[in-house]
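Student: The structure follows.
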Amino acid sequence: MATNNANYRIKTIKDGCTAEELFRGDGLTYNDFIILPGFIDFGAADVNISGQFTKRIRLHIPIVSSPMDTITENEMAKTMALMGGVGVLHNNCTVERQVEMVKSVKAYRNGFISKPKSVPPNTPISNIIRIKEEKGISGILVTENGDPHGKLLGIVCTKDIDYVKNKDTPVSAVMTRREKMTVERAPIQLEEAMDVLNRSRYGYLPIVNENDEVVNLCSRRDAVRARDYPHSTLDKSGRLICAAATSTRPEDKRRVAALADVGVDVLVLDSSQGNTIYQIAFIKWVKSTYPHLEVVAGNVVTQDQAKNLIDAGADGIRIGMGSGSICITQEVLACGRPQGTAVYKVAQYCASRGVPCTADGGLRQVGDICKALAIGANCAMLGGMLSGTTETPGEYFFKGGVRLKVYRGMGSLEAMSQGKESGKRYLSENEAVQVAQGVSGNVVDKGSAAKLIAYVSKGLQQSAQDIGEISFDAIREKMYAGQVLFSRRSPTAQGEGGVHSLHSYEKKLFAAKM
């Protein structure tokens with residue numbers, strides 16, 4: 001049966017064009033072509049849509065939120081990582097502000113807490129209240145000497161101190177004592193520890209050694225998040241993966257040092273034209289100074305641009321120049337490339353070098369994301385599609401009875417006046433006259449980004465199913481082998497492929513049972 005199915009997959013009749021033939025002539029974008037269907041012998045739920053973001057980081061959902069100041073701050077970055085993607089924190093702010101955002105993301109979901117907050121038994125309750133307010137934690141370990149890895153005596157939680165009137169009372173008088181606590185002995189796997197927490201009624205699970213000394217700690221909050229978001233993008237310690245943008249000027253080395261200190265996982269070098277001596281030198285410096293950090297370089301639209309950045313040590317490449325919905329680089333500067341052609345050409349070269357690439361710009365709907373992944377991109381970066389969601393920065397406002405949010409390009413005059421870093425992206429931060437390469441506008445409230453990403457995920461699975469492949473890795477492999485076929489679309493065909501011939505209609509993209 002399997003052999004017969006394999007035979008059904010092989011395209012023996014040349015009906016359509018290969019990707020190489022499709023992109024041989026004029027520059028194309030996503031709406032200019034369509035993917036031809038293949039043979040289906042599996043369910044959509046079986047499709048693996050995961051993609052490589054950098055050499056070492058793979059995303060369960062190959063979606064990255066753009067480092068724009070109206071798209072990605074800590075709330076969006078948390079949501080993206082929880083859902084299985086990753087968010088790139090914008091850098092149009094002070095170093096200190098960006099560092100705080102990274103800390104917020106990294107602290108949102110812990111695996112093992114290696115240095116849990118601990119106090120000695122004579123600590124007054126007033127100190128516990130202060131620590132809880134400053135750190136935002138509800139449970140504090142009590143150890144023999146206050147050392148995070150000292151002998152465990154007990155734990156003090158909010159319920160233990162809420163009704164104690166004398167705030168000078170020592171925690172030893174109100175804490176839950178060691179003999180009444182649920183603990184586990186090291187070594188233990190994180191999944192086992194989370195399972196114990198799920199089955200117990202306690203908020204925290206200390207892990208101790210044979211001397212009853214604290215090794216680390218697990219919290220119920222993190223166990224619940226692990227249960228509710230089983231495909232989260234995590235680091236080796238079980239914390240959410242976090243990426244952050246930076247420019248490539250010498251003074252940006254201080255920003256990188258500060259980000260590295262608080263545990264950022266990926267640096268995204270943010271430039272509209274990445275093939276510069278500044279970025280090449282910056283990549284080399286980062287990889288030699290912080291070899292554990294992954295570096296995504298760009299933006300590029302040609303193979304030569306990508307080659308220079310990969311030669312410098314880039315762990316990932318970002319593709320796109322002037323194709324975003326709020327970007328006017330191509331019309332103002334007459335420089336760029338149609339995004340479909342850019343993705344195919346650059347991704348082809350990146351694949352030959354074993355470096356993942358991310359398509360950035362021109363993605364208006366799930367079909368565009370599918371096309372980008374099918375012609376070579378490993379991941380897709382979203383800005384406009386995520387704009388107006390609850391997790392984006394900024395407040396909603398009403399105009400004409402419609403609930404809106406601001407969405408602007410980082411090359412807009414508004415963004416460049418907000419912070420110097422936006423100007424650095426376009427190599428114009430010190431210019432007396434700044435040429436806008438983006439616009440600012442308003443977008444309609446789209447609800448939760450979590451629901452939108454879930455919709456994108458399901459849409460990608462169904463797209464791959466129609467193409468007839470079990471994963472996008474398989475689609476790309478077959479595409480390069482000429483076994484995934486395409487067709488050009490005329491303007492009339494594009495109109496035919498959309499909604500037409502109706503007096504009126506309401507376009508709902510998904511119905512969420514969440």
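Here, residue 1 is simply the first one shown, and the rest follow in order.
In case you wondered, yes, glycine gets a Cβ from its N, Cα and C as well.
In case it's useful when we look at the structure, here is the feature table from Swiss-Prot:
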DOMAIN    112-171  domain 'CBS 1'
DOMAIN    175-233  domain 'CBS 2'
BINDING   Asp270, Ser271, Ser272, Gly320, Met321, Gly322  NAD(+) binding site
BINDING   Gly322, Gly324, Cys327, Glu496, Gly497, Gly498  K(+) binding site
BINDING   Ser325, Asp360, Gly361, Gly362, Gly383, Gly384, Tyr407, Arg408, Gly409, Met410, Gly411, Gln437  IMP binding site
ACT_SITE  Cys327  active site, thioimidate intermediate
ACT_SITE  Arg425  active site, proton acceptor
Student: In whole Å, could you give the widest CA to CA gap in the NAD(+) site formed by Asp270, Ser271, Ser272, Gly320, Met321, Gly322?
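Tutor: Taking every pair among Asp270, Ser271, Ser272, Gly320, Met321, Gly322, the longest Cα gap is 14 Å.
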Student: For the domain 'CBS 2' (175-233), report the average pLDDT of the model, please.
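Tutor: A mean pLDDT of 87 is what the predicted model shows over the domain 'CBS 2' (175-233).
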Student: When you rank Ser271, Met321, Gly383, Tyr407 by Cα distance to Gly497 (K(+) binding site), which of the binding-site residues ends up on top as the closest?
Tutor: Gly383
Student: For Gly320 (NAD(+) binding site), identify the closest of the binding-site residues Cys327, Gly361, Gly383, Tyr407, Glu496, judging by Cα separation.
Tutor: Gly361
Student: At the level of the C-alpha atoms, what whole-angstrom distance separates Tyr407 (IMP binding site) and Met321 (NAD(+) binding site)?
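Tutor: Per the Cα atoms, Tyr407 (IMP binding site) and Met321 (NAD(+) binding site) stand 18 Å apart.
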Student: Determine, from DSSP, whether Ser272 (NAD(+) binding site) sits in helix, strand or coil.
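Tutor: For Ser272 (NAD(+) binding site) - judged by DSSP and reduced to three states - the answer is coil.
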